[in-house]
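Student: Take this structure, written in structure tokens, and hold onto it; I'll ask about it next.
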Amino acid sequence: MVALSTPPGAGALAVIRLSGPAAMGITAAVFSKRGLPEAAGHTLHYGTLRDPQDGAILDEVVVALYRAPRSFTREDVVEINCHGSDYVVRQVLALLLRQGARLAEAGEFTKRAFLNGALDLAQAEAVADLIAADSALSHRVALNQLRGGFSQELRDLRGRLVKFAALLELELDFGEEDVEFADRPGLARLLAEVRGVVAGLLRSFELGNVIKNGITAVIAGRPNAGKSTLLNALLREERAIVSAIPGTTRDFIEDEVSMEGLRFRFVDTAGLRDNPADEVEAIGVRRTRQRVRQAALLLYLFDLSEMSPATVHAEIQELTAGLALPVLAVGNKADLTPAASQEAFIADFQAHQPGSATQVPLVLIAAEQQRGLDSLQTALLSQVRGSTLENTAAASIVTNVRHARALETAAAHLAAVQAGLDAGSGTELLAADLRHALAALGEITGEISSEDLLTSIFTEFCIGK
Ligand code: GDP
Ligand code: ZN
């Protein structure tokens with residue numbers, strides 16, 4: 001099989017990759033340098049590609065050879081480094097297809113690597129995550145998974161449970177006779193431990209999601225509070241429309257900023273007003289409330305010179321009624337307010353906190369002057385850390401929905417084993433639940449897999465991966 005492995009479009013170089021027993025032979029048939037099929041693996045060869053039919057030279061290339069099993073797919077692999085024009089790439093691909101290669105399907109290189117035992121399923125999925133990683137943390141998590149950290153943790157868990165499962169199966173083999181090979185209190189202790197690890201991994205999924213997909217922070221507040229100015233300051237580029245006419249930002253403008261390895265997606269919203277001036281604005285306000293409901297964090301922005309602390313608390317409560325949402329109150333235009341008034345405001349704001357359980361942190365800034373943005377960043381990070389980062393005791397972080405679902409299934413079956421032990425259930429029931437739990441854990445790394453599962457995973461990949 002063959003595919004372009006670099007992104008389509010013009011570039012200095014493009015890499016076309018072949019994998020399979022015929023890879024060397026097909027390449028040799030169009031390559032100027034002799035002796036390619038006999039060359040050692042892990043070597044580079046410079047030459048020209050020519051069409052054997054008319055002798056036309058297509059490109060000057062460097063060919064990298066990898067011999068089975070020392071390659072990504074564990075098969076013979078050839079990587080042709082040619083010039084990165086769409087035309088050249090298309091011609092080279094067509095030439096290789098005429099020699100008997102076929103186009104690879106999406107994710108087929110990684111799928112072969114999995115089927116040939118080079119990677120387990122969780123590692124194969126990490127390849128996709130690694131390619132997509134765009135912050136330091138998501139990169140680190142994907143790399144740990146690719147290198148097998150997560151898989152090892154799962155294998156350890158399974159290994160310990162398998163021992164007990166085997167003893168329970170042995171009891172079943174003895175049938176009528178009332179024998180207990182598996183030490184029940186020992187099983188209970190092991191179960192408690194394994195369930196703890198599984199629960200920790202499940203909790204890490206929340207954080208994993210944050211790392212992989214970013215944190216959506218909605219910036220809401222009255223018109224003219226300075227929402228667009230703040231978004232611009234955060235993004236350090238002129239993306240949102242800033243204007244002195246209230247109610248200008250009607251559509252959502254959002255962008256991503258990476259802070260200390262965490263990705264924030266800031267959404268600038270239409271201004272909130274009780275009596276919107278026109279219908280378009282009214283729709284905007286309704287949609288703002290909707291966005292707040294979907295957010296992971298609310299940044300409530302207000303004009304410090306215009307609002308009383310009591311009003312700020314009241315508006316935040318109205319926006320977040322019924323939601324368990326971390327909120328940050330941000331007083332803007334601090335440049336227009338004397339220091340003494342600022343201090344009085346802070347004291348009054350603290351005094352008006354609605355209840356001890358819902359302390360809203362307050363930060364004062366001047367968005368236009370880019371002042372106070374560091375404190376804002378610190379407050380943002382600590383809000384997020386408080387709600388998600390803290391509860392990750394697990395060594396690995398789960399970022400994949402499929403893994404989380406399998407862990408949930410395993411957790412449910414492990415709970416059933418526990419309940420069975422507590423109720424003194426027969427060996428048969430215990431063994432069945434344990435088998436299901438093991439199957440769920442095995443699905444994550446692909447020790448147990450179906451063709452459907454593999455297809456659904458690998459078609460998510462792009463062609464050439
Ligand atoms: P939005 O409607 O909440 O998006 O508000 P804008 O970002 O469009 O800003 C409204 C007005 O307030 C603009 O004229 C800004 O220049 C001004 N403004 C924003 N931030 C500050 C600030 O920190 N200090 C002062 N003095 N004016 C600001
Ligand atoms: Zn705006």
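Using N, Cα and C of the backbone, Cβ positions are placed for all residues, glycine too.
TrEMBL: automatically predicted annotations, no manual curation.
Residues annotated as domain 'TrmE-type G' in TrEMBL: 214-385. Annotation comment: TrEMBL describes 224-229, 243-249, 268-271, 332-335 as GTP binding site. Positions annotated as K(+) binding site by TrEMBL: ASN224, SER243, ILE245, THR248. Residues annotated as Mg(2+) binding site in TrEMBL: SER228, THR249.
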Student: Validating a neighbour-count step here. Other CB atoms within 10 A of the CB of LYS227 (GTP binding site): how many?
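Tutor: Result for LYS227 (GTP binding site): 31 neighbouring Cβ atoms inside 10 Å.
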Student: Using Cα coordinates, what distance in whole Å links LYS333 (GTP binding site) and SER228 (Mg(2+) binding site)?
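Tutor: So the alpha carbons of LYS333 (GTP binding site) and SER228 (Mg(2+) binding site) sit roughly 13 Å from each other.
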Student: Across all the protein chains here, work out how many other Cβ atoms are within 10 Å of the Cβ of ASN224 (GTP binding site).
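Tutor: Cβ-Cβ neighbours of ASN224 (GTP binding site) within 10 Å number 19.
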Student: Output: those binding-site residues from ASN224, LYS227, SER228, LYS333 whose CB lies less than 6 Å from an atom of ligand 2, in sequence order; none if no residue fits.
Tutor: LYS227, SER228
Student: Just to be sure I understand the packing, how many Cβ atoms besides its own are within 10 Å of the Cβ of LYS333 (GTP binding site)?
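Tutor: A count of 22.
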Student: I'd like the number of other C-beta atoms within 10 A of the C-beta of SER228 (Mg(2+) binding site), please.
Tutor: 23
Student: Average pLDDT across the domain 'TrmE-type G' (214-385)?
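Tutor: Within the domain 'TrmE-type G' (214-385), the model's average pLDDT equals 80.
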